[in-house]
């Protein structure tokens with residue numbers, strides 16, 4: 001698992017349009033760049049969880 005600090009760092013790097021939000025495409029890129037394999041369905045679940 002990643003620490004919250006690592007995730008925050010990822011967020012800053014991948015929030016390309018700097019709007020404070022990461023879209024599904026950006027999130028998929030983050031996760032895949034960390035070496036994890038993730039499906040589009042998993043990304044959708046993460047996006048739903050992240051909206052809370």
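Quick reminder: no glycine exception, Cβ is built from N, Cα and C everywhere.
Features reported for this protein in Swiss-Prot:
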- 2-37: domain 'EF-hand 1' (DOMAIN)
- 15, 17, 19, 21, 26: Ca(2+) binding site (BINDING)
- 38-52: domain 'EF-hand 2' (DOMAIN)
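According to DSSP, residue 26 (Ca(2+) binding site) is assigned to a helical segment. Other residues of the chain with a Cβ within 8 Å of the Cβ centroid of 15, 17, 19, 21, 26, the Ca(2+) site, are 14, 16, 18, 20, 22, 23.
Here the binding-site residues are 15, 26, and the one ringed by the most other CB atoms within 10 angstroms is 26. For residue 21 (Ca(2+) binding site), the number of other Cβ atoms no farther than 10 Å from its own Cβ, over all displayed protein chains, is 11.
In the predicted structure, the domain 'EF-hand 2' (38-52) carries a mean pLDDT of 79. If you draw a 10 Å sphere around the CB of residue 17 (Ca(2+) binding site), it holds 9 other CB atoms from the protein chains shown. Helix, strand and coil content of the domain 'EF-hand 1' (2-37), in residues and according to DSSP, is 21 helix, 0 strand, 15 coil.
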